[in-house]
Every structure is written in C-alpha cells, then in structure tokens.
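So that you can see what the record holds, here are the features copied from TrEMBL:
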type    : residues : note
BINDING : Glu257   : Mg(2+) binding site
DOMAIN  : 107-332  : domain 'Aminoacyl-transfer RNA synthetases class-II family profile'
Amino acid sequence: MDDLKQRYLGQIAEAGDEAALESIRLAAVGKKGEVALKMRELGKMTPEERQVAGPALNALKDEINSALAAKKAALVDAALDARLREEWLDVTLHARSRPRGTIHPISQVTEEVTAIFAEMGFSVAEGPRIDTDWYNFDALNIPGHHPARAEMDTFYMHRAEGDNRPPHVLRTHTSPVQIRAMETMGAPMRIICPGGVYRADYDQTHTPMFHQVEGLAIDTDISMANLKWVLEEFVKAFFEVDGVDLRFRASHFPFTEPSAEVDIRCSWEGGTLKVGEGDDWLEILGSGMVHPKVLKAGGIDPDSWQGFAFGMGIDRIAMLKYGIPDLRAFFDSDLRWLRHYGFASLDQPTLHGGLSR
Ligand code: PHE
C-alpha cells in the first residue's frame, strides 16, 4: 500500500495538465483502478486482516483523491496566472496621443476645391512648375513684346552662355496647363489644374510663390452663362453658404475674349476678413472665353470648339474662408500658426461629408 501511495502521489505532483491528472485518477481510484482491485481482495482476507486493510485502503483512496483535487486547483490557478501575465495591460498608460501634424490650409483648400469641381464633372490635370516661356506666354497669346510679360514679374531661369534650349520660367500662372491639357486630351474636356505659381511680389496679400487653380471647359456650345453658373455654384459650395455676392467686372486677358474678373463681397473690419458682408470686394479670379488663338496653339480647332477658362487664387480663397489676415504667414513654417490654422490629418473633404468639418 505504501508503494501505491508513493507512486500515485509522485505522479500527481508531476502531472502537467488536467488531462494527465484525469488518467492518473482513473488508474488509481477509478472503478477499475488499482485501489478498487485491492478492495476486491478484501473478500479473501480473514476478518482480522480485513479490519486493518479495509480502513487503510479507504484512507489511501481519500488521500489520493484530495491530492488530485489539490493538484487540479493548483493547475487551474497556474493557467489563470499565465493568462493574466499574457493579457496584461497597463491601464495607467496615457491614451494614444493625436497625430501632431496638421494639413496646411492650402492643401485643405485644394482638396475642397477639387471635391466641388469633381462633383461638376471636372477632372484634375497637372503641369510642371518650371515651364518654357512658350507654354507660359506665347501659346497663351502673350507674345514677347506684350506688356503682360512685364506685369507678371516673371522669374526667369538662368541660362548658361550657348544654351540653345528654349528659355524656361517659373510659371507665373496655371494657364500653361490649359495648353498641355489641350495637347494631351483634346476636346471636349472639363478640367481643373491646381498648383504653385511664382511672381516677384511681396506684401500682405502677395508672396513670390502662391497657388492657383485653373479651370477649363471646352465643348461645342459652352458660353459665359455656363461660366457664371459654375462659378456661382462653386462659391456657394466652397463658402458653405446659400448665397454669396459675386461681382463680374469686364477685364482683359490676352488668352480670353471676352474677359471678366470676379470679386467677392467682404469686409476687413477690425482687421478680420469676413465674406458675404461689408462694402469691400476682393478679387478672387480672372476668367473669360478661351481665345481662338489659344485653342489653336493647343491643337484644337476654334471653328468647332469653344470654352471658358478661369484662374483662381487658392491662397486668396483660403484667407477669405478661414479668416487668415496675412498671406505671408502661409509660408513662414511657424509651428504655432500651423497648429492654429491646420486641419485634422484624417478628415477628407467631401461635398456630402462636409468640406471643412
Ligand atoms: N492666368 C490669369 C492670371 O494668373 C488668370 C486667368 C486664367 C484669367 C484663365 C482668365 C482665364 O491672372
């Protein structure tokens, strides 16, 4: 009996999981286990022998059963401990911090403008910021002697002596993308071209680099009426209001005929800019019907096609919408300014989801 006891208590102590424990239990104290077999032998004993062996066997059975129970409890505890260690979580840690970078107002407004025009069937075209003077001027009906070249305060790229390549400029507007789009896409088309442009100019509302978005719609029957409707729809959607006063002023651009500049009603009272009220007007874009010579330069037959074009200052309309008083701050990389005027990096402007929320 001592033998049995030692063997089973030893096995129980060594058991690694509940399944092992169960097979020990069956072998030791199960119905057909060793202890049961011994119990059966009691019948062959003398009454005196039985009186000693009976209680001893029962005691052995109890001892093995309680060793099994204790071991089982220990295994359950150990399993729980292991799981707790595995799934440990420090609830005193800080919550994950918000991303610190923000979307620059110019990127935000570019996305907003794109979302609005995309809804009206315009796709996005792009062109190089360094372009030839042919794309930037000549193709747009601005010949070499034209005063518009001087007015634009153009940055010319340096040319080494003997360099015969066409002169390059930092594009002074996004209009050269009109020509490139005509060349590659042909008519009909409806595009906008957002991007950086450059002019030597610097004050509260002018910086040497700024941004424009060009619009161009060409078809057989496009008119100024389409231009006016598109711009009104755009301005309402962009400023997220039911109505905004627009002023179309007759103007002149070499690449459109007729031409109009468009102003938006605003006030500068107290140094803050407000849209839709007040007695001031801020020019936001130039526009008109694409000049036949420009269509021809882009390889489109002006006898079959006509269209409107506009060029709008992205930085301007960003200042207006978000009440930013000084354009120069856009490009100062001042972190305090960026945190104040920046936008949440995961919000995507859409017309149905809200442009600026
Ligand atoms: N390119 C003109 C500018 O920069 C704007 C414009 C674009 C005007 C298209 C008419 C048509 O001032």
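Glycine is no exception: its Cβ is also placed from the backbone N, Cα and C atoms.
Not measured: the values here are computed from a predicted model.
Around the Cβ of Glu257 (Mg(2+) binding site), 15 further Cβ atoms fall within 10 Å across all displayed protein chains. Glu257 (Mg(2+) binding site) falls within a strand segment according to DSSP.
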